[in-house]
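Colleague: Pulled these from TrEMBL:
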type	residues	note
BINDING	Lys140	NADPH binding site
DOMAIN	171-369	domain 'Homoserine dehydrogenase catalytic'
BINDING	Glu224	L-homoserine binding site
ACT_SITE	Lys239	active site, proton donor
Amino acid sequence: MKNIPLILMGCGGVGRQLLQHIVSCRSLHSTQGLCLRVVGVGDSKSLVVTEDLLHEGLKDGFLLELCRVKSVGESLLKLLDFGKCQAFVHPESQGKILEIAFQLGKKTGLVFVDCSASSDTVAVLKQAIDMGCCAVMANKKPLTSTMEDFKKLFIYPRRIRHESTVGAGLPVIASLNRIISSGDPVHQIIGSLSGTLGYVMSEVEDGKPLSQVVRDAKSLGYTEPDPRDDLGGMDVARKALILARILGHQINLDSIQIESLYPKEMGPGVMTVEDFLNRGLLLLDKDIQDRVEKAASNGNVLRYVCVIMGSRCEVGIQELPKNSPLGRLRGSDNVLEIYTRCYSKQPLVIQGAGAGNDTTAAGVLADIVDIQDLFP
């Protein structure tokens, strides 16, 4: 039985879903000769760790209770009454993580799983990798930090898995790496990488006002609590930057041209969420509708996409053929078209659910299992 110790950082929707996947897959993994041993779970405030790092993980009942506790917004410290564990609060918790990385990294191996949404994990990730640990990430921020940070994270590229940073459970990174390894030059990537914006653009195509569509998307749970976090395009830009860097382009976020669907005058520092939803969005309806109608008159549709061509990387609304894979996109699916020498006239198309806690957590779990060959 191959035993893989792991530490999870981030107890939000994806992190909790991952723990539930790990517990529910015990029987499957056992038949594969694999045991995922969760030795620690942390959030921005605290960390809980098993008492016996070398031999035992946190029990499944403990992990499920942890999911319940965090789902109602309570502290990890509440779990001290539930089962055997050690607890550490920030900033002591960060030192404890590095202590565990040092203890297990070279001896048994350790996977550091980052399901947080923090840029603070990059320092721990770099040190853990230097200590012989592996890293699996759903968090985009470490990979979209400075180019120097990116290079340090990939100093041992086989120790890194990050499929879920771009397409949740879709095989985007794996497909791109296979193309690169084959020597097939990538000429262009164009993709709709936001389930929220994919839904918005396909709905306004049907003639619905942008203001109504955004409010509907929010009520369906497709947007962040403040929809401007989606409409600003930064999430798509981070995904585009990761893809561009994989292709070898040494660029930063400020190198990417980003089109926001709202003006600065409606930004979070100027207008409240309620004002934006009830008043600001209405002022944006006509411009979007005019653009939709203009595209339709050309036999095209509008999609919010990232475009990577050479060293050029941009994110925003593009007018695309209605019968193309991106033009046919409906709802919250992600679609990516990759054009290469081999895929020139007909691109390699990757499509499917590219968002959601369940899908993203499944992608993270697949990455953890994929990394098992690096363990004794």
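From the backbone N, Cα and C atoms, a Cβ is placed for every residue, glycine too.
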Colleague: Just to verify a number: CA distance, Glu224 (L-homoserine binding site) to Lys140 (NADPH binding site), in angstrom, no decimals.
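Modeller: Their Cα atoms are separated by 16 Å.
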Colleague: Please list, in sequence order, the residues in the chain of Lys140 (NADPH binding site) that are at least six apart in sequence and whose C-beta is under 8 Å away from its C-beta.
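Modeller: In sequence order, the residues whose Cβ lies under 8 Å from that of Lys140 (NADPH binding site) (at least 6 apart) are Thr165, Asp235, Arg238, Lys239, Ile242.
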Colleague: Cβ atoms within 10 Å, counted per site: which of Glu224, Lys239 has the most, among these recorded positions?
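Modeller: Checking each of Glu224, Lys239, the winner is Lys239.
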Colleague: What average pLDDT does the predicted model assign to the domain 'Homoserine dehydrogenase catalytic' (171-369)?
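Modeller: When the pLDDT values over the domain 'Homoserine dehydrogenase catalytic' (171-369) are averaged, the result is 94.
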